[in-house]
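Lifted from TrEMBL, the feature list:
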type: DOMAIN; residues: 23-288; note: domain 'NADH:quinone oxidoreductase/Mrp antiporter transmembrane'
type: TRANSMEM; residues: 56-76; note: transmembrane segment
type: TRANSMEM; residues: 96-115; note: transmembrane segment
type: TRANSMEM; residues: 152-171; note: transmembrane segment
type: TRANSMEM; residues: 178-196; note: transmembrane segment
type: TRANSMEM; residues: 202-220; note: transmembrane segment
type: TRANSMEM; residues: 240-258; note: transmembrane segment
type: TRANSMEM; residues: 278-298; note: transmembrane segment
type: DOMAIN; residues: 290-343; note: domain 'NADH dehydrogenase subunit 2 C-terminal'
type: TRANSMEM; residues: 319-343; note: transmembrane segment
Amino acid sequence: MNPHAKLISSMSLIMGTSITISSNHWILAWTGLEINTLAIIPLISKSHHPRAIEAAVKYFLTQSTASALILFSSMSNAWSTGQWDITQLNHPTSCLLLTMAIATKLGLVPFHFWFPEVLQGSSLTTALLLSTLMKLPPITLLLLTSQSLNPTLLTFLAISSALIGGWMGLNQTQTRKILAFSSISHLGWMIAIIAYNPQLTILTFTLYTMMTTAVFLSLAQIKVLKLSTMLISWTKTPMLNATMMLTLLSLAGLPPLTGFMPKWLIIQELTKQEMTPTATIISMLSLLGLFFYLRLAYHSTITLPPNSSNHMKLWRTNKTLSTLTAILTATSTSLLPLSPLIITMF
């Protein structure tokens, strides 16, 4: 891809995200979302492979539909209330339309079908952007309007996403699709608590971004796209595979790793809100995700294939990427003892 085109796309992504998360007016927020959509499409289709072109078309169609719904929701709310302020969302139909639109933007169940396919057609770097940075503007809009949205509908979306995200990830063999369903499952946890404790949603999204970035950077360095390749990647970078296993277990939410903290706090908050059945169901559904995280960890480190590999250890690596991966992996596995400090900050 042309460096100038890549620079323009990257700057547009940053600008679109900044516009949306800092805006109070619906039209300005919608403009930021549109800039984001148009900026990521060249990055998805840059390989010119038919699967990449298909992924770009699917992404464009779903995001355009969601943007049109957001615009229609804000216009109908302005028509009935005379307000274009994002926090003044009071019309019931507008609230329902906005929930559907944001669910489509994020890839929440039942609007999730585009997300695994788009990630599968993208490179690992673009898939990382789609799983982390591109989720920030829609989640910001949800945070700003969370007090106006229907809590029952949000709970339904959360439980459905945790169920489908865990269930559909069980039989996948492609690492990008597994991480796509992992993203859907984690979004379910975030949406479950957003109406009751928005700060906890911000904390969960921050930690999820940190852990997912560490996994994607690790996969990019060892060049693994499917589980069969991961089986023979141990001989190339043994240490990186070992730390990636810890990051994957952290994503699964196992103590004493960082990923346990947000799930523990969400279950605690749901119990305080007298939503013990929801907390119980979403906790049980996290076991589905635990299975495929353990399978990834098993393929990366815990087992070695019976046949030897011809791969030699990598003696020359990208130092900047390696340093960033090391920092993110360390924070993705060792922040649990700092929970009281982090809770105080958020």
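Glycine residues also receive a Cβ, built from the backbone N, Cα and C atoms like all the rest.
The model shown is predicted, which means the values in this text are computed figures rather than measured ones.
Mean model confidence of the domain 'NADH dehydrogenase subunit 2 C-terminal' (290-343) amounts to 77 (pLDDT, 0 to 100 scale). Remote same-chain partners of the transmembrane segment (319-343), defined as residues 6 or more beyond its termini with a Cβ less than 8 Å from a stretch Cβ, comprise 203, 207, 210-211, 213-214, 217-218, 220-221, 240, 243-244, 246-247, 250, 255-261, 265.
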